[in-house]
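According to TrEMBL, the protein carries these features:
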TRANSMEM  B:30-51  transmembrane segment
TRANSMEM  B:57-75  transmembrane segment
TRANSMEM  B:87-105  transmembrane segment
TRANSMEM  B:117-137  transmembrane segment
TRANSMEM  B:144-163  transmembrane segment
TRANSMEM  B:193-213  transmembrane segment
TRANSMEM  B:243-264  transmembrane segment
TRANSMEM  B:270-289  transmembrane segment
TRANSMEM  B:296-312  transmembrane segment
TRANSMEM  B:332-354  transmembrane segment
Amino acid sequence: MDRFVFLTVDGLSRGAVYAAFALALVLIWRAARVVNFAQGAMAVAAAYVAYTVSTTTGSYWLGFVVAIVAGLLLGALVDRVVMRHVDHASPLNPVIVALGLVLLIQAVLGMVYGNEFRPAEAPFSRSALTVGGVAVLSPYDLFVFATIGVVVSGLAWLFARTPVGLRMRAAAFAPEVSRLLGVNVGGMLTLGWALASGVGALAAMLVMPTELGLHPHAMDLVFVSAFTAAVVGGLDSPPGAVVGGLVVGLLLSYVSGYAGSDLTPLAVLVLLLAVLLVRPGGLFAPVAARRV
Amino acid sequence: MSATRAALPPKRRPVEADDRPVDRRFHSTLLRHLAVVLAAGLLLVAVSYAIEPFRNFQLATVAAYLCATAGLTVLTGLNGQLSLGHGALMATGAYTVALCQNAFADRGMSGGWLLPLSLGAAIVSTVAVGAVVGVAAARLRGPYLAGVTLAVAIVVPALAVTFDGVFNGEQGLSVPVEPPPLSLGPYFPYERWQLWLTGAATLLALLLLANLIRSRYGRSFRAVRDDEVAARLAGIHVARTQVLAFVVSAATAGLGGALLAVLAQSVSPGAFSLTLSLFLLMAVVIGGLGRLTGALWGAVLLVALPDLTHSVTELFTLSPAVAQRLEGNLPLAIFGLTLIVVMIAAPGGIQGLLSRLGRRLRARRS
């Protein structure tokens, strides 16, 4: 029972990070109809920038803030310099370009920092507090939950309650009409990319201390897990991404706890295939008319 | 509707070589392809005597990669399905060959027919894996398919570590390969023999692929890519066509992986990482999607570019640490950058540029 509680809390904490990362994927998908396969590499790049800042200044929090800013800038840059110029007539094209970005970013990181693991420090203790003799939550888990909670509710508030959020939704939903009504559609798209990339960078900062450490490929499996989370919830649904993230986090935690951590990649693949074959629109998809 | 349109610009597509009126004497497609393959084979044999052993080995590696890239270009370029999992399919073929060759060696069997048997087994096992992935893939579109195949690419190498009793973990397996037959003479260079082996297997695979592309099936592939609804109205079974394309592509990828294993005489999960899958995709896109000649350019790039960057970095005096970092990563960076530039500026790739150049020259002459 102790073990079950521990695995559940651990899974929820991991799942919260996947949820944030999946949310970043959903943001870009809704804004630009692109699944950003470079999201993981971009987030790792931001985390490396934070690593440099943290090790030179000695302040974790300065690095944390810098990571998010770097994420925002990188997202805007990728949209303005690369994605804006890709022919979107075929859905393959942006995917291929994003994969080119993955190669490029990982190679540049490898050239600058080398292909070895760098330690990623956690700002709070990762040893669990015990409540009534049962190990439950670590301070770091609390930090993760709080941060993700703030980010998710902040994004919800942004999209539902602010004029900027309304413009972003309009630009994604009906670009031509919005442009006629005076919405800066291109600017909104860039903002969407920047936001998504910033959230991705934040997720990378949160997940790094729980993984082996910083490495150019550190986010590969996290990306696949987060993509699975986004698909479980439906690529079009932000609440779905959050629920999907928690589901994937719990599943991975149980599998690695009860069956062995080697099997977690396989579990992700099986879940992804199962969802796509049984309910391709995700658990939260509205019933769609059947395509001919 | 445009959900499966391939990366080639659909409008204003140049008249494909297939549609040009053919010279009467070469009316049979099979004969024409046979002639080309025979000529290529003779050229390869001649070249193998002219160049040094290391270049022979490199050329053999190009041939092995060509197998995989040709299959991938048929799948992605002609059928519009994106696969990031071909590195994993190559791993399947490579591990099958390793297991077969080891089993033969353990039983003390020897003979020239064993290697083709192992290669055949590699193709069969990859076809089985490809069929499973292909059935799932036929129901998926665009980014979903990319996501699933990406997961396959990450999971399959990890399986080698999970089941290390069979696959020997990160260490991998060695692949015992017999020396060239004695009838070729006692001093026959091993690398030349490797080039002959892989060259023959690859040319055979290319011949089959070229005929498939020009057959009814090839036309169905393209019809499904361009417009699924129209293809269905024309009586094409879309899902079956997509699974067939995936299986064919998997078979060639498996053969390519098996040949690589035979060349390196070992297999390990590190050789079949996600990066390899991305490399293959990059190679076919830069070479020119949907064309076998494009696959050739891509395979050449895969071998030549790391070699080239190595010689360039050697020109500068760098500290060993810096040199080591550049060594592995500079080719990757160049690949990635080229891929982005090609996708934005020249979606037809190298072969697209070449055929455009050729057309312009012909137009000027006439």
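Here the Cβ of each residue, glycine as well, is placed from N, Cα and C on the backbone.
Touching of the transmembrane segment (B:296-312) and the transmembrane segment (B:87-105) is ruled out by the presence of fewer than three CB pairs under 8 A, sequence neighbours closer than 6 excluded.
Contact counts against the transmembrane segment (B:270-289), taken as Cβ pairs under 8 Å, peak for B:144-163 among the stretches B:30-51, B:117-137, B:144-163. The stretch in closest packing with the transmembrane segment (B:144-163), judged by the count of Cβ pairs under 8 Å and taken from B:87-105, B:193-213, B:243-264, is B:87-105.
With Cβ pairs under 8 Å as the measure, the transmembrane segment (B:87-105) is packed most heavily against B:243-264, out of B:117-137, B:193-213, B:243-264. Of the candidate ranges B:30-51, B:117-137, B:243-264, B:30-51 has the most C-beta pairs within less than 8 angstroms of the transmembrane segment (B:193-213). Within the chain carrying the transmembrane segment (B:117-137), a Cβ under 8 angstroms from the stretch's Cβ atoms is held by residues 81, 83, 85, 89, 92-94, 96-97, 100-101, 104, 145, 148-149, 152, 201, 242-243, 245-247, 249-251, 253-255, 257-259, 262, all 6 or more beyond its ends.
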